[in-house]
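According to TrEMBL, the protein has these features:
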- 12-33: transmembrane segment (TRANSMEM)
- 39-59: transmembrane segment (TRANSMEM)
- 88-110: transmembrane segment (TRANSMEM)
- 122-139: transmembrane segment (TRANSMEM)
- 151-169: transmembrane segment (TRANSMEM)
- 189-206: transmembrane segment (TRANSMEM)
- 226-253: transmembrane segment (TRANSMEM)
- 273-298: transmembrane segment (TRANSMEM)
- 319-341: transmembrane segment (TRANSMEM)
- 347-367: transmembrane segment (TRANSMEM)
- 374-391: transmembrane segment (TRANSMEM)
Amino acid sequence: MALVRNLTSRNGTAIAISMVIGSGLFGLPGLVISETDPVTALFSWVVVALCIAPTIHIFSELGYRLASSEGVAGFATYAIGNWSRGGFTLIACGALAVGMPAFFLVIGAYASELLNLDPTTWRGPIAIAVAWFATLMNLRGVHNLAVVNQLIVISVLIIMTGIVVLSLSNLGIASQTLTRDVMNYTPNINALWAGCVIVFWAFQGWENLSFGLEEVRDPEKTIPRIYWFSFMIVVILYLAFAWVVSASAYAGVDVTGVSGLSALLGTGPVRTVLLFTMVVVLVANANSWVFGASRAFYAAGSLALLPKSLGRTDDKGTPVISLLSAATIYTVFIGLIEISGTSPSTAFMLTTQGFIILLGFSILAYLKFKRRVPAAWFIGAVAMIGWIFLVHGFSFLLLYPISLFAIGCIRQSMTKLKSARSAEL
């Protein structure tokens, strides 16, 4: 049975927001300050938001024209031809296989703080538990997932607005100092690039959303609405929160690390309530990411790049085997990250570079569709400038997506050759 069109503007926007907000809002502000400094971190959020804006338009256009479970990998394939389909699909799967475990570890770190447990000991087991919980939620179907996410989105908008307003009222002097340094900022390109690459993960929810666009009703009208409504809400929250975090760092608060924002939550019952809310929002974010990631593995199974059983659904249109297999992969990678002592920022970078590559070819796909429209070339040029900045600093890490691309293309060619021989017989 094929995937079913169950997503509307309302529940699609809810899934999009909860897919984007989560580790990006709670895990990355502290992590990017750890890798750079408060001012560079703030500019990283601004630069990536500017780079993503034209991409939202591009994705909304390609989304209804090329809606499929292949998502952004399908967009990239359209740019250079069907021969690349297997390669781009495996890049997406490989990026998610590494990035999702890092994301679950962010949840594990915050949940450990909530339960007064040692994060170095407990974040891994909690991350695995959340991965399987999110998988079970998805097994119940898209409708149930969307209802939960709509409630969570309403909650996070109210609570995060309150945190921003309350924090800013206590950061007057720090905000003034930050404003002065922002006005006098001279960018260090290498530091700014490092910050942007980490922050880019926070904006990858829309790329992940593309894997579920085959399930959107009335896609020509609904998909652009989902992208733009969610983008406007998310960017406002991100930039406000990034300012609060940088100002808090100026005020002497230690906000570094994947659970650094816990330092902003005060003490006592208020801290407990806010930490609990953050964990709930992160779990909702995980539900949405598991939804999108499972569709990427479903597409790979449908193309016979991975076992064909991954490309099947149950009688309700849910890719059950894909969901369960993905959860198993996440469990293995969480264990490997914890045992090896790999930094979550490294895992996020591995994921980010794969999606940045797919983004670049998606821009080319958009220009291929709109080659006779002058305004499209301006939008494409702006998007490509941002893409060049984001991709220029990767070195040996590029071997990961390049290898996946080669394996995917070879696998696709072998499958076609096998099918051709079977047809001859």
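From the backbone N, Cα and C atoms, a Cβ is placed for every residue, glycine too.
With respect to Cβ pairs under 8 Å, the transmembrane segment (347-367) is most closely packed against 88-110, considering the stretches 88-110, 226-253, 319-341. Between the transmembrane segment (319-341) and the stretches 122-139, 189-206, 226-253, it is 122-139 that has the most C-beta pairs under 8 angstroms. Under 8 Å from some Cβ of the transmembrane segment (12-33) lie the Cβ atoms of residues 41, 44-45, 103, 106-107, 109-110, 145-146, 149-150, 152-153, 156, 160, 195, 198-199, 201-206, 208-209, 212, 216, 222-223, 225-227, 229-230, 233-234, 237-238, 241-242, 245-246, 249, 255-261, 278, 281-282, 284-289, 291-292, 344-345, 348, all in the same chain and six or more residues away from its ends. Spatially, the transmembrane segment (39-59) is not adjacent to the transmembrane segment (273-298); fewer than three Cβ-Cβ distances between them are under 8 Å for residues at least 6 apart in sequence. Only residues 6 or more beyond the boundaries of the transmembrane segment (88-110), in the same chain, are considered here, and those with a CB under 8 A from a CB of the stretch are 22-23, 26-27, 70-74, 76-77, 119, 122-128, 130-131, 201, 204, 208, 211, 257-259, 262, 275, 278-279, 282-283, 285-286, 289-290, 293, 296-297, 299-300, 303, 305-306, 326, 329-330, 333-334, 337-338, 344, 347-348, 350-355, 357-358, 361, 400-401, 404-405, 407-408, 411.
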